[in-house]
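Listed in TrEMBL for this protein:
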type     : residues : note
DOMAIN   : 135-273  : domain 'Fatty acid hydroxylase'
DOMAIN   : 451-614  : domain 'Very-long-chain aldehyde decarbonylase CER1-like C-terminal'
TRANSMEM : 19-37    : transmembrane segment
TRANSMEM : 127-146  : transmembrane segment
TRANSMEM : 183-211  : transmembrane segment
TRANSMEM : 330-351  : transmembrane segment
């Protein structure tokens, strides 16, 4: 929102929320009916019919740019601005599709009112040339002066400051403007299209191509990485006056009073508003090489729809804990295509870059879904992928590699063997079990004397049981088998506090993967379920409380955070991920995988010393805001 919102700031359909697309429904229905069901041949016009598919193609075009830009900026090569993107920018820019809805309404209205737009040909060379010339001349010239007017303090405070709230730009930043601004922009961009239509030279290519050109240049110019190679300007030097670059426009967002041109910098040269550092920033950005991270968090995909929740997917979904959306079933072809790729693609890829004090952090994703981790044939393939990732991290000089989700379980099984096979390995492998145990222990309400321990037993579960039994807290198991397995690992003295029972009165349950709905129903009303695994239990009770998986709230000096970690709230990190940061900060020169467990109290104290805060039910709710 602008600092002093002016009239026509809000979009007319803002009140419709997620149902805003219904404003297009009557026009789409009419175009489909007239094309397929109309008996009048004059009504069957491909021009009217393809408006909606064209709007969808624009959304796909924009999403491709979003994913590409986020991948490249996370990787670091050719990055322009180092400042971070935070959740407030993601929230502000989640309405980037408003301008596509607005354009669609105007396209349908224009088609109905202008007879000349009916049954236009697919191609007309003269119309394409006319459109290009009008854009180069009147459109670029008028936009330049409109843009300068928008930077006058009166209009800037009421409208354009909303766009400039994003210092670090993403492709969709290009269309984040108040409604009144978009009205002015469309009136400007409509000049070439209306001229071609009214002169009878318009074609599907000239109209669709012009809008696609605007989208392409807008998205490209707002990427935070430089992608225009230097040789292009060497081959054709005048091109520097006819095409801007991402670094050129980035200066406009950091300096504000320079580089006003739309796509063609010639007017900045003419009117002496060119930023003198444009060429220097361009060359530096092209030469920039991504920095090697200090800590890498290695995770993987979960459900089939989790591909959309990745930071490289839908930014609005990535900024929220994993939730199912009504439109996911409609997108099953894309979902199926993405799952098929995971069977063939054999390399972990980077999805996120953060900084913590002086540490450089990255998140890498193994391109495998959760279900694949339970397939015997896939486990060997996944192990190979993880080994490749570890080797790559070691070669890049990474200090610590942490394991997320099922990667932790898979490598813990043979992590020590892997280290023995690679004695020269410099990167430290950390599964974060010690901090996960500490977080669970500190989540148990004070004064608790009994807890129920359920779900599949793990390294974390054994350590929790041992710590509780040593402290005199009675641990009740859900089965005789769990009781025997735990007892075998406990000291005789600690084992006296381990019992098994068919009745469960404690209201604190520590649960892992595999906790069934039937077992949850045995808990008394008001029970607090505290997970000790990386995956939260499926909620079967409305009269109980479900805590998050072991996690903590990150301090403010964790920067560049604009996505959520799986199902955790905003700015909340899993204990397993935090553990790697602590290892690097404290300089702990040892592995934590296999059966090895780091000092639990030492790990928890270090987390508090570096600003991480315990996550409570109240703080978890607050962090969602």
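Just so you know, glycine gets a Cβ as well, placed from its N, Cα and C.
Please treat TrEMBL annotations as automatic predictions, because they have not gone through curation.
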The domain 'Fatty acid hydroxylase' (135-273): DSSP-derived helix, strand, coil residue counts:
96 helix, 1 strand, 42 coil
What residues in the same chain, six or more past the boundaries of the transmembrane segment (19-37), come closer than 8 Å to it by Cβ-Cβ distance?
11, 13, 43-46, 48-49, 51-52, 55, 98, 101, 104-105, 108
Averaged over the domain 'Very-long-chain aldehyde decarbonylase CER1-like C-terminal' (451-614), what pLDDT does the predicted model reach?
92
